[in-house]
Amino acid sequence: MQANLVLISLGGAVSLLLFGLSLLKGGLEAALGARLRLLLANGADNRGQAFVLGLLVTMVLQSSTATAALMAGFVSAGLVSLVMAQAAMLGANVGTSLVSQILAFELDWLSPVALVLGLGLRRFGRNAAAEGTGNAAIGLALMLLSLALLKEASAPLQQAPAFQVMLVLVEDAPVVAILISAALAALAASSLAIVLFVASLAAGGLVGPELCLLLIAGANLGGALPPFLMTLGGAGRQMALANLLVRGVGAIAVASCAWLIGARLAWLDPASLAVQAHIAFNLSLAAAALPLLGPISRLVSWLAPLRASPADGPHHLNEKALAEPKAAIAAAMRESLRITDMVRQMLTATLGGLRSADEAACRSASAIDHRVDVLQEAVKLYLSRLSLDDLERQERRRVEDITAYTINLEHIGDVIQRSLVPLLLKNIRMGTRFSKEGFAEIEHLFEQILGNLNVAETLFLDGDIELARKLFSTKLDVRRIEQESRRKHLERLRSGDAGSLATSSIHLDLLRDLKRINGHIASTALPSLERAGLLNESRLK
């Protein structure tokens, strides 16, 4: 019974630590995420700068996994080179080890202070940044509280013979120790949490120097697994693979000489041994790997080769064009037209899946959304690198128009991928069929929206005011079509139409999603209408 209580207490303390870490990371991302993303994308001109930026951003975000996800996106979008991304990740790994040192200090007094501050910001904050900072403060308070609980919960293990025997067995099998720790870090998606857990065990005298080194090496290896598994392909996967390989080599090195190093570290305070080992591990890897990033890049490029012309990344966002604003804006416009083509492909594939009950067509539409997200982010970050002070008034407006246009396209892709495609797949798997009239209504609305997307593309190119009025008025036209289709559908339900009865909820949900998509298309006309003074606060004049 006592053993069960100890395990429950340990599990609760670790869970609280992970929850606090998640809250802290999410709050800081909400408060500072946009600035940090721009800093990472734009601030690195050499390996040293990239290393420092990765370190600083990770110390703010409290997670090298979050930094890895950001860098993978930038590399995939072609905004950061593979070498610079690897340098940033080496800095991120050092950053997360420094965070563990900060949290290892005796900061029990800070927990109630952070909790009061966090609750105050959440209650009285007037914007998202204040609320995010409040969440981060609460997360920090919970993490500090969880560390105290970990120390208390692990104390009984010092008197548990079975646990002592298990630790001896694990210490005699270095590979097993590393794999266990790596698995825990991968499952927790946090090397920091496992390092702090090992530190609490070491502080209680449960883990000796040699086993501590092995567990720390395993935690670092496991922390590199989630970013690698999350990146589906492209240059982002190469970056994650490079990070995994570097940590893997480090773990192998530790496994081969832990017995020797551990014997020389016996004089260290057990409470600080784990954290110091974590810092030393990542500093050593950074010192060894920074000069070798070129060969490492070539190795991962050979292990995970890219296609000659990757479809996911931007084709027109030339770095040299940034020196000339007009050329950069033209490049961003061409890339935006690529996004338009992809959204058109998504709509066409979805309509094809509806017509032929083809799951593959629906899934192909869903798969394109990732490319839309990558390109939209690439265009946004590319334009953010232009200095607004150097732009003429018309150029600033064009930058704003392109940004708004691509954001609306990205929203359309999200509606298709997250809602429209799942609805059609559900209908296909259920084997239900729309009534003839209901199918014709949905098909007509699809075709209407595809036509409106073509109008939006033309408006994006020439900015014609009459075209903008026409496009914005389609919002009302589609609403009328949707309402009429909804009315007819309800009439068919009352008459007992079998097809309408079987597909009722799906029919209505499809109408809702198509109306949302057209709303985003119509919104692309807003900048032109606002500048022409043709909008009241809520509607077209």
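Cβ atoms are placed via backbone N, Cα and C, with glycine included.
Bear in mind that TrEMBL entries carry predicted annotations, made automatically and left uncurated.
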Which range is transmembrane segment per TrEMBL? Of 40-60, 187-207, it is 187-207
Ranges in play 7-24, 133-150, with TrEMBL marking transmembrane segment at 133-150
Restricted to the domain 'PhoU' (442-524), the mean pLDDT of the model is 78
Long-range CB partners for the transmembrane segment (213-232) (under 8 A, at least six residues beyond its ends), listed in sequence order, are 64-65, 68-69, 72, 76, 93, 96, 171, 174, 177-187, 189-192, 194-195, 198, 207, 239-241, 243-244, 247-248, 250-251, 254-255, 258, 261-262, 265, 274, 277-278, 281-282, 370
